[in-house]
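Enquirer: Take a look at the following structure, please.
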Amino acid sequence: MALVPCQVLRVAILLSYFSILCAYNAIDMPAHQTYGGSWKFLTFIDLVIQAVFFGICVLTDLSSLLTKGSDSQEQERQLKKLISLRDWMMAVLAFPVGVFVVTMFWSLYIYDREVVYPKLLDNFIPSWLNHGMHTTVLPFILIEMRTTHHQYPSRSCGLAAVCTFSVGYILWVCWIHQVTGVWVYPLLDYISPGAKIVFFGTVTLVLNIFYLLGEVLNNYIWDTQKCIEEGKEKPKMD
């Protein structure tokens, strides 16, 4: 069975995430040896989310190829479960968290890189790896959205899931500060407790906005595609 280009592309993206994760974990940085390790950074969590998501995409493609032409209802049921999981991850985690990491990182980097990515990190993280963590995530997820239609959950369930993730990560960051006395992100050292509450609330709000953006973009791409295909199918009028 020949693989279509988008399936090959997903495999390539998955392999690229594996290489980025391996390269990142191989770096001997002091921050990796402290409480929470790499898991205290949203960038690393996002890389894991993207790798798992594209892993599910590849698994779904393989399952679809293997079940094509099969009359097994059990295989069809398992495939539908995989597709539902893939679509849920895209809507709730891969798109909003991925877009948030890219936009937030580069916005703060342009404003003052020391609050998010101190120059000291240049001695540990090569430029290509930095872009692999903070840049290519966006085009990869947009390519996936353009090549595959994803069924979003109900808006209330989707937003609730995004808020749960956001609050969970914020509590994790606060717990790390409680244990170590050090904030994960230097920016938090410079703002008051009240400003921190506003900041965390803004983070949650922005993640929800990116969820809605993904839903709108997904619907726009595939509604437009549907109209184009329907237009081609209509017989030409004399």
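Note that Cβ sites are derived from N, Cα and C of the backbone, with glycine treated the same way.
Taken from TrEMBL, the feature transmembrane segment applies to 7-27, 47-67, 88-108, 128-145, 157-178, 190-213.
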Enquirer: Are the transmembrane segment (47-67) and the transmembrane segment (157-178) close enough that 3 or more Cβ pairs fall under 8 Å, when only pairs 6 or more apart in sequence count?
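Expert: They do not touch: fewer than three Cβ pairs between the two stretches lie under 8 Å.
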Enquirer: Return the stretch with the most CB pairs under 8 A relative to the transmembrane segment (128-145), choosing among 47-67, 88-108, 190-213.
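Expert: Highest pair count goes to 88-108.
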Enquirer: Taking residues 6+ outside the transmembrane segment (47-67), which of them lie with a CB under 8 Å of any CB in it?
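Expert: For the transmembrane segment (47-67), the nonlocal Cβ contacts are 1, 3, 7, 10-11, 13-14, 17-18, 20-21, 24, 75-76, 78-79, 82-83, 85-86, 89-90, 93-94, 97-98, 133, 137, 140-141, 144, 148.
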